[in-house]
Amino acid sequence: MTVREFAPAKINLSLHVTGRRADGYHLLDSLVAFCSVGDWILAGKAPEMRLAVAGPRAEGVPLGPENLVLRAAGLMAGAPAALTLEKHLPAAAGIGGGSSDAAATLRALSRLHDAPLPAPEAVLGLGADVPVCLAGRGCRMGGIGERIAPLEAPLPPLGVVLVNPGIDVPTPAVFKALAVRDNAPMPEALPPLRAFDPVVAFLAAQRNDLEAPARAIAPAIGEVLAAIAATKGCGLARMSGSGATCFGLYETEAAAASAAEALRGRSGWWVAAGRILP
Ligand SMILES: C[C@@](CO)(OP(=O)(O)O)[C@H](O)COP(=O)(O)OP(=O)(O)OC[C@H]1O[C@@H](n2ccc(N)nc2=O)[C@H](O)[C@@H]1O
Ligand SMILES: Nc1ncnc2c1ncn2[C@@H]1O[C@H](COP(=O)(O)OP(=O)(O)O)[C@@H](O)[C@H]1O
């Protein structure tokens with residue numbers, strides 16, 4: 001039996017940095033969504049844990065124990081498997097590829113061996129984004145990533161375009177370059193987010209506080225944002241996570257697909273279109 005689990009791209013629809021802990025980790029207030037573009041994890045029973053990496057974005061992904069797939073598998077003691085990571089997402093790109101792979105690995109091993117998932121606190125050590133990726137649905141994320149509140153109602157299936165200019169932006173460098181660390185959080189109560197117009201209106205009043213420091217490191221992010229914003233039907237263009245991937249939101253998946261067509265062809269840019277998952 002082979003189990004297949006999807007590892008969707010994570011999108012920080014908003015990302016407010018509201019403080020810093022004594023250990024240097026930053027406090028966040030982020031509306032997180034997942035989309036239909038992502039990696040796949042395949043798992044089959046085997047006498048010992050092993051990993052193969054395939055797919056169009058496999059190049060450069062670590063094959064050793066530092067791969068988040070193997071690190072996650074290490075939390076499921078007694079559940080060995082032959083794992084394949086089919087890589088479609090660019091790495092170190094602000095869309096949580098490695099974190100989502102880790103969460104999908106846990107789900108796959110849990111199904112394969114009928115074993116319980118580790119507790120959210122146990123997975124935080126894999127990366128601050130892993131608890132929200134394990135939730136795998138629209139959430140408000142707080143703390144350094146360990147406070148996860150699923151949204152009351154699922155997000156609508158809005159069209160989304162992801163664009164990465166082909167530049168790795170290391171997350172620690174972006175946090176380090178942040179000028180102000182105690183920014184305002186989002187409003188305590190979120191409005192209903194059930195259709196394109198209210199989602200776009202709400203998000204337009206929110207921020208990604210990592211955008212300015214990421215743009216200082218990688219000015220190409222500004223070009224990507226301008227190109228997305230200029231596409232037909234784009235309601236919002238913003239950077240995700242610590243960058244450099246930016247996203248555009250559209251009323252329908254078809255509008256996002258047309259926008260992606262218009263954005264393709266720029267040398268070195270990775271462009272993908274899909275929809276927000278519920
Ligand atoms: C910024 C975010 C927003 O969702 O996304 P990405 O850009 O990674 O996708 C995440 O908080 C990243 O999560 P993740 O990439 O799992 O972070 P980790 O491996 O735990 O941390 C990498 C480094 O980022 C910084 N870091 C991370 C999370 C956080 N709340 N405060 C931090 O200061 C620290 O310097 C840490 O050493
Ligand atoms: N399965 C994986 N996929 C991608 N990158 C991985 C994986 N496992 C470990 N890494 C390492 O983790 C780093 C962060 O990758 P990723 O999670 O994709 O980025 P981000 O945190 O910016 O969203 C990369 O530099 C990469 O070397």
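Keep in mind that glycine also has a Cβ here, set from the backbone N, Cα and C atoms.
Long-range Cβ neighbours of Lys10 (active site) (same chain, at least 6 residues apart, Cβ-Cβ under 8 Å): Val32, Ala33, Phe34, Ile95, Gly96, Ser99, Ser100, Asp129, Val132, Cys133, Ser240, Gly241. Look at TrEMBL and you will find Lys10 (among others) tagged as active site.
Across the range of the domain 'GHMP kinase N-terminal' (67-134), the DSSP-based residue counts are 35 helix, 6 strand, 27 coil. According to TrEMBL, the feature domain 'GHMP kinase N-terminal' maps to 67-134.
Annotated ATP binding site per TrEMBL: Pro90, Ala91, Ala92, Ala93, Gly94, Ile95, Gly96, Gly97, Gly98, Ser99, Ser100, in sequence order.
The active site feature in TrEMBL is assigned to Asp129 (among others). The Cβ of Asp129 (active site) has 29 other Cβ atoms within 10 Å, all protein chains considered.
Here TrEMBL flags 205-264 as domain 'GHMP kinase C-terminal'.
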Listed binding-site residues with Cβ under 6 Å from ligand 2, out of Pro90, Ala92, Gly98: Ala92, Gly98
Local Cβ density at Gly94 (ATP binding site) - other Cβ atoms counted within 10 Å: 30
Neighbourhood of ligand 1 - binding-site residues from Pro90, Ala92, Gly94 with Cβ under 6 Å: Gly94
PLDDT averaged over the residues of the domain 'GHMP kinase C-terminal' (205-264): 98
